[in-house]
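Undergrad: Sharing a structure with you now.
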Amino acid sequence: MKKIETIVLVADLAGTAVFAAEGAISAMQGGLDLLGVMVLSFAVALGGGVIRDLLIGATPPNAVRDWRYPALAFLTGLLTFILHSEARTLPAPLLMAVDAAGLALFAVAGAQKAMSYGIGPFISTLMGTITGVGGGVVRDILLARVPMVLVADIYASAAFAGAVVLVVSRRFGLSPMAAALLGGAACFILRVAAVTYGWQLPKVTHW
Amino acid sequence: MKKIETIVLVADLAGTAVFAAEGAISAMQGGLDLLGVMVLSFAVALGGGVIRDLLIGATPPNAVRDWRYPALAFLTGLLTFILHSEARTLPAPLLMAVDAAGLALFAVAGAQKAMSYGIGPFISTLMGTITGVGGGVVRDILLARVPMVLVADIYASAAFAGAVVLVVSRRFGLSPMAAALLGGAACFILRVAAVTYGWQLPKVTHW
Amino acid sequence: MKKIETIVLVADLAGTAVFAAEGAISAMQGGLDLLGVMVLSFAVALGGGVIRDLLIGATPPNAVRDWRYPALAFLTGLLTFILHSEARTLPAPLLMAVDAAGLALFAVAGAQKAMSYGIGPFISTLMGTITGVGGGVVRDILLARVPMVLVADIYASAAFAGAVVLVVSRRFGLSPMAAALLGGAACFILRVAAVTYGWQLPKVTHW
């Protein structure tokens, strides 16, 4: 396996575990039963990657071709359900940082994979963004609420920024590993800073 | 046509008619007009199969390649609209049993088709589940409510169980027909029993 | 490039600009920030075409393969955001006519593209309809409301009628350009007339 594929695989699997746990937590917060916990673990963990793979023509998507993805999402969701008393006591800043890490992993893996499939640089940054936020959008659609990503302070923008840094770094000749680290760091730092300092995007206030 | 393809085709078409009628009824219950009735007939009848086909790389999906699928959904929806006075008087237990039959047909057809496309056994059971519940999820998303499958007593679990029985039976060397009957029966009986006896999955009560 | 491809391209790009502006306006009406405006511009402008391309097996979809589509949606959304004071003063009948034009463009382009991919005539009319209404459905799902197309007076029906006129005209040997003009005019006139005269589809009133 080429180095670049290993980076995408590791980032994808790590992001999958993080987002599966988050999906399980949202399901329990929403009062869903064990099946609902499983479904949301799957949807949040695999939704973004599946949408990316369908869009770039990488079918069947990884999550369907490779049993490790759904198995990992399944096990993480089950574990979070079993350990829910412990999960409940996790401090909010820790959860936020873990979520930002998952976002960074997916944004970088998504943009990198799109480039590997011959997608141009501009659209590869969009594919990275969709990979990062897609799972959360699917979760919010299933919970019948406006996707957090549409109303939240800088979230999709952080994924977009990370993907842009990765794509530009590759263009300037950086190695896949260096570009992935740089893009991931950009996304993570921007997201954490936005939450910490309450940064907002401009908005039209009175329509 | 091979025997296995005939089984998938017949199960798919029968499930399509059942789910199209259900879609039409939900649309009329929701106060939608004739167009809304048509759209929901299509979405509920074909949604699960389309999602499965996109995921396993069987594109264009059956519902797009083969005009009999949308025509059947269309005609069933129209017929339900015309005969709505009669449809309204159908007893709830009958509707539940018919729905369970549709679920069983789709779960079995979906898992079988995924296996035919070289998808591994674990993911084939997930594809069967998605085929069974996908249409209902699309319906609930279009009606802007939390998908029934996430909050209901054993429903997706019954589809999953039926798909597992089919996949395991095939592994143990049963013929496609015997495995389909066994899997379909497992799903149907589990679903009807769950409704009859009020079985529930475990849930975290206070988050 | 063949003449027929030019027609699809021009109709697709014109429809993209119209629907991106509409997406931006709905986002601002919903109180979303700049990112939300961008996301809805993309979703409304490109959603219908992406769904069509996935369904007919034209992957990667145009919107992913050709950077001009997302760039156009992006720029139109940004421009609408910047000029929001001006956008707000546009009279409702003008917006309705522009929307009907976008619907006509997408219905015609969608049906024509499906035919070019060897999809049969009946399903090509459905693909035209989905291309026309898909973006609006995605918008309403993201805003967590029942898709307008399900409850509105003749909207999807107008797209369907336009696609039918196009497909039938092609069957009767009309040139692609003549068929596109005829189909587009049918959709546009039907939609504008339905709003002007308050035409409604039949509905089951008391379920």
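Here the Cβ of each residue, glycine as well, is placed from N, Cα and C on the backbone.
Pasting the relevant annotations from TrEMBL:
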DOMAIN    B:10-84  domain 'Glycine transporter'
DOMAIN    B:97-169  domain 'Glycine transporter'
TRANSMEM  B:7-28  transmembrane segment
TRANSMEM  B:34-55  transmembrane segment
TRANSMEM  B:67-84  transmembrane segment
TRANSMEM  B:90-110  transmembrane segment
TRANSMEM  B:122-142  transmembrane segment
TRANSMEM  B:148-168  transmembrane segment
TRANSMEM  B:180-199  transmembrane segment
Undergrad: Are there residues at least six beyond either end of the transmembrane segment (B:67-84) with Cβ under 8 Å to its Cβ atoms? List them, or say none.
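TA: Distant contacts of the transmembrane segment (B:67-84): 12-13, 16-17, 20-21, 23-25, 28, 34, 37-38, 40-42, 45-46, 49.
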Undergrad: Per DSSP, what is the residue count of the domain 'Glycine transporter' (B:10-84) in each of helix, strand and coil?
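TA: With helix first, then strand, then coil, the domain 'Glycine transporter' (B:10-84) has 63 helix, 1 strand, 11 coil.
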Undergrad: Just give the helix, strand and coil counts over the domain 'Glycine transporter' (B:97-169), going by DSSP.
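TA: Here the numbers are 60 helix, 0 strand, 13 coil.
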Undergrad: In the same chain, who gets a Cβ under 8 Å from the transmembrane segment (B:90-110) while lying at least 6 residues past its ends?
TA: 7-8, 11-12, 14-15, 18-19, 21-22, 25, 48-49, 52, 127-133, 135, 155, 158-160, 162-163, 166, 180, 183-185, 187-188, 191-192, 195
Undergrad: I need to check the long-range neighbours of the transmembrane segment (B:122-142): which residues 6 or more away from its ends have a CB within less than 8 Å of a CB in the stretch?
TA: 19, 23, 26, 39-40, 43-52, 55-56, 103-104, 106-115, 148-149, 155-156, 159-160, 162-164, 166-167, 187
Undergrad: Taking every residue in the domain 'Glycine transporter' (B:10-84), what is their average pLDDT?
TA: 91
Undergrad: Cβ under 8 Å to the transmembrane segment (B:34-55), counting only same-chain residues 6 or more beyond its ends: which ones?
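TA: That would be 12, 15-17, 19-24, 26-28, 61-64, 69-70, 72-74, 76-78, 80-81, 106, 109-110, 113-114, 127, 130-139, 142.
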Undergrad: Taking a Cβ cut-off under 8 Å, which residues six or more beyond the ends of the transmembrane segment (B:180-199) line up next to it in the same chain?
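TA: Same-chain contacts beyond the flanks: 7, 11, 96-97, 100-101, 103-105, 107-108, 111-112, 132, 153-155, 157-159, 161-167, 169, 174.
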